[in-house]
Each structure stands twice: as structure tokens, then as C-alpha cells.
Amino acid sequence: MSKKKLSKGQQRRVSANHQRRLKKTESKVEWEDSQLGDAQEGIIISRFGMHADVEATDGVVRRCNIRRTISSLVTGDRVVWRPGHESLAGISGIVEAVHPRHSVLTRPDYYDGIKPIAANIDQIVIVSAILPELSLNIIDRYLVACETLEVEPLIVLNKIDLLDEKSRQLVDKSMDIYRALKYRVLMVSSHTQQGIPELEQALTDRISIFAGQSGVGKSSLLNALLALGEKRILVNEVSDNSGLGQHTTTASRLYHFPHGGDVIDSPGVREFGLWHLEPEQVTSGFIELREYIGSCKFRDCKHENDPGCAINAARERGDIARERFDNYHRILESMTQVKMRKGFSDTDN
């Protein structure tokens with residue numbers, strides 16, 4: 001079955017966006033080869049439409065054009081670029097080529113399919129907090145994304161200074177579910193600095209990206225870790241009514257930690273969409289379920305109350321945490337609902 005056809009309004013918007021991109025391309029500053037210096041290595045600090053900020057090996061960041069032959073360029077890409085002998089309209093060079101990526105962070109896009117948003121990530125830092133609430137479902141969604149992308153996760157629970165002793169014990173018990181699965185878990189407070197040295201050590205010599213819903217303190221943590229002072233990543237107050245903050249960043253950007261290591265701050269990872277995945281990919285994304293895949297009595301087992309279900313039997317024995325089992329089914333149900341809203345069938349992915 002084919003994907004649902006775009007409405008006339010959607011077709012007009014797609015066409016208008018295409019024409020606007022063409023117009024921007026035509027207005028780019030063009031370089032003659034004689035105007036350019038020798039090829040150099042660099043890393044993409046940020047991407048702005050038809051331009052990119054490139055950090056050279058000398059640490060200087062220059063805004064560059066992008067060769068039309070480059071089909072994909074995102075923050076974190078390692079590139080070959082050439083500086084101009086002089087700046088033209090604020091542009092200081094051109095990106096010539098992109099090195100192969102060892103990892104790429106993607107998110108699903110309704111119009112463009114799977115869209116890359118960052119490259120060469122070593123780990124995804126999943127930031128959660130006890131306020132507005134501790135959501136294991138959100139943590140599990142991020143873990144499925146990490147496992148699917150094959151990028152190592154690090155769970156960071158923020159705002160622990162707001163916990164009393166009894167609440168701390170309950171939260172610790174919840175985190176033990178992930179520790180038992182060999183996931184790294186850190187309990188921190190950007191306010192009291194508790195756990196910050198351990199977090200700095202986990203970030204050293206790696207390229208990380210922070211993920212988490214608004215209001216969990218990602219920007220506050222980054223400001224503290226980066227020691228930005230007055231040059232801060234924007235932080236919004238948490239809404240008194242909803243308990244949720246607002247978006248605080250607009251473009252992906254790479255920053256260097258003073259203690260070593262890098263971080264890509266990206267608005268595209270507030271919440272990973274999973275609707276493009278197949279149910280089998282979600283099952284594999286729960287690492288404790290993998291050993292039972294293919295062991296059920298029926299091939300089309302839904303892993304609920306189906307007779308002969310190996311996964312449900314493991315849950316009943318206590319080999320699979322009830323919380324994780326329930327979140328697994330919640331994720332599958334939410335994927336079905338999103339696909340229905342977006343007009344996809346189960347065979348369209």
C-alpha cells in the first residue's frame with residue numbers, strides 16, 4: 001500500500017519551499033579556484049541553510065559556503081574545506097568534502113523521510129528530572145532510539161537536590177532497573193553541583209548530545225558544564241501552569257567543554273520520534289527482550305496475553321521489569337496512533 005497522497009495545500013507548501021531553496025542557492029557567493037587557498041581539515045560547528053561554520057585546526061571558526069555536490073552536512077561532520085584569500089560578503093571559504101561518519105543522529109520527518117541532525121556522536125546523554133515528573137516512559141523512548149541508532153546512552157537524573165530521603169530511595173529503586181541492564185546512570189544537581197564531577201568525567205574526550213524534554217534542566221546543566229558565564233545557552237523558566245519549559249535553542253551547535261570533550265546542543269532532540277520504526281525494531285530496542293525474540297509459540301505474537309509468549313513468561317518470572325514491559329507496549333501503541341494521524345499504514349515504513 002502506498003503512502004497517503006499529499007493534499008493540494010501540502011503540495012503547494014512543498015513546491016514553495018523547493019523554489020525558495022533554489023532561489024537561495026542561486027544567490028550564493030561563488031568562488032573561483034584561484035581565490036581559494038590549500039585544502040584543510042575542519043569540523044562543522046553549526047549549519048545555517050546554505051552556509052556552515054567550520055572550525056579549523058587552529059581553532060578559528062569561519063563561515064563557509066557548501067559545495068553543491070555535498071548532499072548532507074550537519075553539525076559534527078569532519079570536513080575538508082578551503083579558505084578564501086579574502087572574505088566575500090562575510091563568507092571566508094568553502095566546504096569541499098565530508099569524511100565518512102562513524103555515527104549519525106537522525107529523526108523522522110514527515111516530508112523529508114529520515115533526516116540527519118548531528119554526526120560522529122559518541123554518546124547520547126538522556127537528561128530526566130523529578131520535576132515536572134520522573135517519566136520512565138520517556139527514558140525508555142530515548143533508550144530505544146539510542147539502541148536503534150547504535151549510540152551509547154548515558155542516563156542523567158537532574159534536580160536531585162529537590163528529593164527528600166524517602167523520595168530519593170524511590171527514585172534510586174527506579175534507576176536500579178537501568179543499572180541492572182548495565183546502563184550508566186548518574187544522579188546530579190546543577191544547583192548544588194552534586195554529581196557534576198562524575199558527569200564531567202563521563203563527557204571527557206567524547207562528543208555528546210543532550211536529549212530530554214523541556215523543563216528537565218538540560219540548558220542549566222550545559223551552562224554549568226561549559227562555564228559560559230555571560231555567553232550562555234538560553235534558559236527559560238518552567239511554566240507555573242504546565243510545569244514544562246519552552247524551546248530554548250534554534251540551531252544545532254557544537255561546543256567544547258573546558259575539561260575536554262565536546263557537546264552538540266540541538267533543538268531537534270527534544271523528543272525522538274519513533275513512529276518510523278517497525279515493531280520489531282522497538283522490541284530489539286529493549287535489550288532485555290532480545291534473547292526471547294523468536295522464542296514465542298506464534299510468529300505473529302503481540303507479546304501480551306498470547307499463549308506461549310516467551311517475553312510475557314519472562315515478565316511473569318521477574319526476569320523483565322514490569323515497568324519496562326508496560327512502557328514497551330505503550331510505545332508500540334503510541335506509534336500506531338501517530339502513524340494513523342500521519343496517514344501511514346503498517347506496511348508503509
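Glycine is treated like the rest: Cβ placed from N, Cα and C.
Positions annotated as GTP binding site by Swiss-Prot, on the basis of sequence analysis: N158, K159, I160, D161, G212, Q213, S214, G215, V216, G217, K218, S219, S220. What Swiss-Prot records for C296, C301, H303, C309 is Zn(2+) binding site, and it gives sequence analysis as the kind of evidence. Marked as compositional bias 'Basic residues' by Swiss-Prot: 1-11. Among the features that Swiss-Prot reports, domain 'CP-type G' is placed at 102-272, with the record citing sequence analysis. Marked as region 'Disordered' by Swiss-Prot: 1-29.
Swiss-Prot feature annotations superimposed on the structure.
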{"residue": "N158", "record": "GTP binding site", "DSSP (3 states)": "strand"}
{"residue": "G212", "record": "GTP binding site", "DSSP (3 states)": "coil"}
{"residue": "S220", "record": "GTP binding site", "DSSP (3 states)": "helix"}
{"residue": "C296", "record": "Zn(2+) binding site", "DSSP (3 states)": "coil"}
{"residue": "C301", "record": "Zn(2+) binding site", "DSSP (3 states)": "coil"}
{"residue": "C309", "record": "Zn(2+) binding site", "DSSP (3 states)": "coil"}
(message) Residues other than C296, C301, H303, C309 within 8 Å, Cβ to Cβ centroid, of the Zn(2+) site?
(response) K297, F298, K302, E304, D306, G308, A310, I311, N312
(message) Counting across all protein chains present, how many other Cβ atoms fall within 10 Å of the Cβ of K218 (GTP binding site)?
(response) 27
(request) Quick one: of N158, S214, which of the binding-site residues has the smallest count of other CB atoms within 10 A? (result) S214
(request) For G212 (GTP binding site), just count the other CB atoms lying within 10 A of its CB, please. (result) 23
(message) Rank aside, I only need the closest one: which of the binding-site residues C296, C301, H303, C309 has its C-alpha nearest to that of S214 (GTP binding site)?
(response) H303
(request) Compile a sequence-ordered list of residues in the same chain as C309 (Zn(2+) binding site), six or more apart from it, whose Cβ lies below 8 A from its Cβ; state 'none' when nothing qualifies. (result) C296, K297, C301, H303
